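Copied from TrEMBL, the annotated features are:
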type	residues	note
TRANSMEM	6-31	transmembrane segment
DOMAIN	23-305	domain 'G-protein coupled receptors family 1 profile'
TRANSMEM	40-63	transmembrane segment
TRANSMEM	83-102	transmembrane segment
TRANSMEM	122-145	transmembrane segment
TRANSMEM	169-193	transmembrane segment
TRANSMEM	249-269	transmembrane segment
TRANSMEM	289-308	transmembrane segment
Amino acid sequence: QSIAQEVVGLLCMVLLTLTALVANTVVMVVILKTPLLRKFIFVCHLCVVDLLSAIFLMPIGIISSSSCFNRVIYSIAECQALIFLNVCFISASILTISIISVERYYYIVHPMRYEVKMTIRLAVAGVIFIWVKSVLITVLALVGWPQGNGATSASRCTVYWSPGAHKKVFVIIFSIVCFVLPTIIIFAVYCSVYRVARMASLQQVPVPAQAVAPRHRSDSIASQVTIITTRNLPLPRLTPERFLGSNKAILTLVLIVGQFLCCWLPFFAFHLHSSVAAGAAGSGHGEMVVTWIAYSSFAINPFFYGLLNRQIREELARLRRSCLNRPLGQELCLSVSEASVQENFLQFLQRATCTLETHTSCISASPRNRLDQTKMGFPIPGQVPEESS
């Protein structure tokens, strides 16, 4: 039974590593190859961080977690390098997810402000901030390590190898900066997005004015035609596209928040308990389990933050069809059908927000609108009325 468990665990770790390598590479290539998708700079940065984690952290995690590699021994310098990469990439990944959440908040709730303030300079500054903060947090993890030529087994290459009060302080700071604060930001941001989605789902199709305005009963043919037309008008209801889009948006938000908590809550809860409780740091098996639950985030992130976006999916499908040499007509038909069925929930919410909060600015009277109104029956001053036959 132990051999079966070892084989199943090893296969799961290898599968997660391969999934992280392929998924992050595909999303990153699609974004970089398509000029219109280069606005997703933080999603691309998240794929880069997760891809680096899949290249450096996850293979070493397989060696450290499997009993097949018990003879592998790390020196102090090698273990310090592993801890440095581990804390740095975890911090960069979580901070990038937090910035993506804030970016989506402005994209949905304040679309006008987002279009003005979201520039390349601001995006580059955000990426620099992520790496500077990650490196500073990682330096705290290496304070107080023992000096010498000692060695440790792979399963014991953790931050608890050099115990002390500074390690307890580091774990507390690490948990607050990289989990507690990002969780608060993500909850606050997506709660605001949920309110927008709920308001959008409650929107109804406006009833035409002639269906509401009271009319006196008349026996003329024109009045009878008007009454029949008014009675046949559809009742106000939610359109199927908007109804499905709102439910899809709410479900997506719940999945994103739930995925973040399921991956990172066990990891930080375990390390907080191990640093605070005396003698709890010796559970190597528990640390291995929560570490790989956290590592699974590197394989899940490209699906939740990349492939859930309709534009990225369409570009990926277009690249796949071009590789298969499909006809252009078939490509256009598939693109239109996919766009009508699988609408990007961010675009849906942005359009709903524009209708809800900036209704006046979105439909403000412009010269072209006034001209259209004149064509619909409003007389232009000085215009000669046409004679009715």
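From the backbone N, Cα and C atoms, a Cβ is placed for every residue, glycine too.
Not measured: the values here are computed from a predicted model.
Residues 10, 13-14, 16-17, 20-21, 24-25, 27-28, 31-32, 69, 72, 82, 85-86, 89-90, 92-93, 96-97, 99-100, 103, 120, 123, 126-127, 130, 154, 291-292, 295, 297-299, 301-302, 305-306, 309, 312 of the same chain sit 6 or more residues outside the transmembrane segment (40-63) yet have a Cβ under 8 Å from a Cβ within it. With Cβ pairs under 8 Å as the measure, the transmembrane segment (6-31) is packed most heavily against 289-308, out of 83-102, 169-193, 249-269, 289-308. Here the transmembrane segment (83-102) has Cβ contacts under 8 Å with residues 42-43, 45-46, 49-50, 52-53, 56-57, 126, 130-131, 133-135, 137-138, 141-142, 157-159, 174, 177-179, 181-182, 185-186, 189-190, 260, 264, 294, 297-298, 301, 305 of the same chain, all six or more residues outside its ends. Long-range Cβ contacts of the transmembrane segment (249-269) within its own chain (Cβ-Cβ under 8 Å, at least 6 residues beyond either end) map to 94, 97, 174-175, 178-179, 183, 186-187, 190, 193-194, 197-198, 200-201, 289-291, 293-294, 296-297, 300, 304-305, 308, 345, 348-349.
Over the domain 'G-protein coupled receptors family 1 profile' (23-305) the predicted model carries a mean pLDDT of 78.
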